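Encoded as structure tokens, the structure appears first; notes follow it.
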Number of protein chains: 2
Amino acid sequence: MIKLGIFYRVDYVEAAKFVLENIVKNFEVKHFTDSSLDFDEEKFSVDVNIVVGGDGTVLRTLKKVNTPVIGVKAGRLGFFSGYLLNEIDKLIQDLKDWNFIEDKRWTLRIETKKGTYFAINDAVIQKDVSQKILDLDVKITDGTFYYHADGLVISTPTGSSAYALALGGPIMLPNVEAFEITPMAPQFLANRSLVIPSNERIAVRSSEVANLIVDGDLVEQTNEFRIKKCNRTVIILRPKSYDFSTSIKEKIGYGRKILKNGL
Amino acid sequence: MIKLGIFYRVDYVEAAKFVLENIVKNFEVKHFTDSSLDFDEEKFSVDVNIVVGGDGTVLRTLKKVNTPVIGVKAGRLGFFSGYLLNEIDKLIQDLKDWNFIEDKRWTLRIETKKGTYFAINDAVIQKDVSQKILDLDVKITDGTFYYHADGLVISTPTGSSAYALALGGPIMLPNVEAFEITPMAPQFLANRSLVIPSNERIAVRSSEVANLIVDGDLVEQTNEFRIKKCNRTVIILRPKSYDFSTSIKEKIGYGRKILKNGL
């Protein structure tokens, strides 16, 4: 019998209870956990985790567990979700048949003098409001690029539709084997993203100690860090009908069909 | 003994003669050819071709030959060049020692109902000035993206620093295994480039017959074509000191060091 865990965003607790009530009739539910709390996966043996919440909740859950995750969401689908709340019957059937697409995403490993971190979306170095513009060196095998900017975002393809997109970067399909480096508010017009192969090692050095933000969480302040592809992958289970282009179209409207006579 | 050919842009003929005079003392020169003319490589057996001219001249030469190419240029270095005209002695020494970086670039194959083409930089579908905005469908394995735009540029990493860059696309390192799709003057704000793996097959369909432009040359008018990675690679020989980041910095100023007190 399939063993499940349920994570939920605390303000989605009613939706999460609805999922629990339906799931528990069919499967063994091992835990029902507020996604903002610490979680020790080793205490529970589950095959899959259901996450009730938005993309942020799924992201945080993916970082806590090594087992696959299924996103369930009210309203519109997000990048990380697979099922809407009103598709609970379909989810139960798909669980019974184990009828999913395994959407594997590769991740980043970030090393500083103090520690190592892993990122699904991105690592960001960013100055405080009170700080001067940073001088940033980005060293790769091929040479060094220099930026005079508020910061830099180094993202996976998964992260290309997150903060990097908001800064003007391209949309990368999830299975592209490349990092994207996007400057934040660069001086002197050099605002394009740089796309570099995922087998590169990136060393970033800043003229001043600044904030290091990993997947949206401030982790430390530093003036240097290194990034490479991480050997850890995360797995999102999707319905067979899933494709990335639909999620791009639904979530941000990119590449959607425009009607001939109006919107 | 190394056998060479020399191609030149017709308005660089004096520079080309200077190269010829120096090269011919040391190597067997098999041909001295205006790069705008047709060329049958099978008539000549050469190890390498020297191209005297800018990036456009090197691009056209790379499409005519299967042997490696070395770009020689007056003034500033281009993306495809390796030696400045005043570095002729270094070039001769590097030829004697065969002391080069082999810079291999992958290419595109474009298929229409009428023919097949191969591109080093890009394939472009673009409306005429007199035509209405095109409705374009871009189909990949993952789904279909729709654009309402003047056209689309589908480029290799090599082409990412050419026309796609002028349209706002990212800079891709040459060894990234991905295509870039960039819309031209898209309606409804969807102007981001899409980066997709190089093992994809792309099918483009237009609401109207429009211009198909391959590496800058208008090749035919069509309303549909297909693109995939081509099994042909082109080889540019570079001095050992070459790296891509320097050419990006020299040619377009991207990622150049900014001095603290002024430019």
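Any Cβ shown, glycine's included, is placed from N, Cα and C.
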Practice task
Determine which of A:Lys43, A:Lys104, A:Lys132, A:Lys139 appears in TrEMBL for the same NAD(+) site as A:Asp55, A:Gly56, A:Arg60, A:Asn121, A:Asp122, A:His148, A:Asp150, A:Ala185.
Solution key: A:Lys132
Problem - DSSP state at A:Asp55 (active site, proton acceptor), helix/strand/coil - result: helix
Fill in the blank from the handout: Listed in sequence order, the recorded positions from A:Asp55, A:Arg60, A:Asp122, A:Ala185 whose CB sits under 8 Å of a chain B CB are none
Exercise for the section: Quick one: pull the CA-CA distance for A:Asp122 (NAD(+) binding site) versus A:Asp55 (active site, proton acceptor), whole Å only. Expected result: 14
